[in-house]
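**Student:** I grabbed these lines from Swiss-Prot:
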- D91, D93, D95: Mg(2+) binding site (BINDING)
- C92, C109, C116: Zn(2+) binding site (BINDING)
Amino acid sequence: MSASSPSSAAPDDVEEGLVLRPKFDANGLITCVTTDATSGDVLMVAFMNAEALQKTIDSGDAWYFSRSRAKLWRKGESSGLVQKVLEMRLDCDQDAVWIKVEQGGGAACHTGRRSCFYRRIDRDDTGAPLLTPVDAERLFDPAKVYR
C-alpha cells in the first residue's frame, strides 16, 4: 500500500494532514462502515486489510477481508451484487473507513436484505429485549444465490 505509516506521523499529521495513513488494528484490519450513497442508510459494517483498502481505492469496487474465512473478497463476487464506491472517507484518527456506495441489485446483506441492519432492539411487555424486523423484506433468496 502506498500510504504512510501512522506510527511515524505526529497526531496532527494524522488528524489534519492530507496523507493517507490508515491505522490498522493488531490483526491488520480496519473497520469499514458502508452506506447507501443516495439514502445514507447503513448497509453493512465489515473489515478491510491493507490489500482490500488499496483494491477498493484502485478499482472503485468495495473489497473487504472476511475474518471468518480469513480471505479477501470483492462484494458481489458470488452474488453479482457489486458495490460501486462513490466516496470514501477516513475518520479523524484514520482507524475507520466510511464508504458510500451504489448497491448493485439493491441488497447488501448475504441474507438477501437491503441492509444487514434489519432488526431493531425493542422491549417486550416484561421489559426484556426483543428484536423487531424493520425493512426486512428479502430481495433475493440466499439459497439460490449462494450455491
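Yeah, the Cβs are placed from backbone N, Cα and C, and that goes for glycine too.
Show me how these features fit into the structure around them.
**Tutor:** Long-range Cβ neighbours of D93 (Mg(2+) binding site) (same chain, at least 6 residues apart, Cβ-Cβ under 8 Å): P11, V14, E15, K23.
Around the Cβ of C116 (Zn(2+) binding site), a 10 Å sphere holds 16 further Cβ atoms from the protein chains shown. C116 (Zn(2+) binding site) carries neither a helix nor a strand DSSP state and counts as coil.
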**Student:** For the binding-site residues C92, C109, work out the Cβ neighbour count at 10 Å and name the residue with the minimum.
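**Tutor:** Comparing Cβ neighbours within 10 Å for the binding-site residues C92, C109, C92 has the fewest.
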**Student:** Setting D91, D93, D95 aside, what same-chain residues sit with their Cβ within 8 Å of the center of the Cβ atoms that define the Mg(2+) site, listed in sequence order?
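**Tutor:** Not counting the recorded site residues, we get V14, K23, L90, C92, Q94, A96.
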